[in-house]
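What Swiss-Prot annotates here:
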BINDING   Ser13, Gly14, Asn15, Ile16, Ser159, Ala160, Gly161, Pro162, Gly163, Thr164, Arg165, Ala166, Asn167, Asn278  NAD(+) binding site
ACT_SITE  Cys128  active site, acyl-thioester intermediate
Amino acid sequence: MSNGTVTAAIVGSGNISTDLLYKLLRSQAIEPRWMIGIDPESEGLKRARGLGLETSHEGVDWLLAQSELPDMIFEATSAYVHRAAAPRYAEAGIRAVDLTPAAVGPAVVPPVNLGANLDAPNVNMITCGGQATIPIVAAVSRVVPVPYAEIVASVSSVSAGPGTRANIDEFTKTTSRGVETIGGAQRGKAIIILNPAEPPMIMRDTIFCAIPEDADTDAIADSIHRMVADIQQYVPGYRLLNEPQFDEPSVVSGGLAKVSVFVEVEGAGDFLPPYAGNLDIMTAAATKVGEVIAGQITSARV
């Protein structure tokens with residue numbers, strides 16, 4: 001290991017972990033060395049072994065018993081597993097990037113609040129729906145007050161593995177909270193739809209924000225376009241489906257004006273096909289966060 005490289009372990013060997021592995025292997029700042037799972041037959045562990053990583057199906061206990069520990073951990077297991085392991089990572093001095101909805105540490109959306117949370121020993125990537133929609137809410141709320149925001153994330157059923165399905169309740173709670181605390185809405189709501197359509201549908205998200213009746217719609221639209229460009233820096237397949245739509249106050253919208261934004265996320269196809277943009281935006285955001293933290297770790301060594 002050179003002084004310029006930060007070592008990492010991936011905890012979890014499912015869809016998200018395997019997609020993340022391919023992104024970390026391309027990183028100039030992070031060296032993925034370990035992948036840890038609990039199923040010796042998992043496809044993720046097989047692929048990681050084939051790519052030269054050290055693997056184990058004996059979980060976090062095995063990793064923390066090694067003579068050399070990673071500088072960073074990326075965990076994509078489930079919320080309850082990460083909650084149990086997080087104090088052990090902290091005790092060992094290992095920085096953690098949490099891709100579960102456990103929310104042990106502060107939630108991070110790279111183009112919105114990454115800089116404010118760089119010193120946290122454990123950062124949370126919220127959810128795929130959160131990464132795709134919270135930046136849009138933030139883009140609106142930096143222009144006008146947003147008393148209410150609602151997001152609907154629709155993802156292909158085949159892209160949702162057992163970990164995602166086990167986390168559905170946490171998904172809605174964590175994403176709703178992120179819409180408020182990071183997106184800036186006074187009240188937030190999140191809905192996820194697992195779409196069983198064949199052939200599989202690309203990830204699509206709808207964002208509704210209540211806005212003042214006299215809001216500057218041009219300024220809001222410009223802010224949304226700037227935020228989309230920021231996201232595209234690390235998720236090239238993120239795009240608006242059409243221009244933001246503005247509606248006058250109505251009974252349906254609770255007497256408030258609203259803006260509706262429709263986006264889709266096409267994945268890079270690193271592990272799963274491009275329709276699995278819900279995985280891609282999580283792993284791309286986690287890689288972005290990890291590289292910034294790795295820069296911190298490297299600077300501290302000098």
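Here the Cβ of each residue, glycine as well, is placed from N, Cα and C on the backbone.
Features as recorded by Swiss-Prot, highlighted on the structure.
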residue	record	contacts (Cβ under 8 Å, 6+ apart)
Ser13	NAD(+) binding site	Met35, Ile36, Gly37, Ile38, Asp39, Ser42, Glu43, Gly44, Leu45, Ala48, Thr55, His57
Asn15	NAD(+) binding site	Gly44, Ser159, Gly161, Gly163, Thr164, Phe271, Leu272, Ala276, Leu279
Cys128	active site, acyl-thioester intermediate	Ala153, Val155, Met203, Asn278, Leu279, Ile281, Met282
Arg165	NAD(+) binding site	Leu194
Asn167	NAD(+) binding site	Ser78, Ala79, Thr100, Pro101, Thr127
Taking every protein chain shown into account, which of the binding-site residues Gly161, Gly163 has the largest tally of Cβ atoms within 10 Å of its Cβ? Gly163
Neighbouring CB atoms within 10 angstroms of the CB of Ser159 (NAD(+) binding site), all protein chains considered, total 26
Looking at NAD(+) and its recorded binding residues Ser13, Gly14, Asn15, Ile16, Ser159, Ala160, Gly161, Pro162, Gly163, Thr164, Arg165, Ala166, Asn167, Asn278, figure out the farthest C-alpha pair and report it in angstrom, whole number. 17
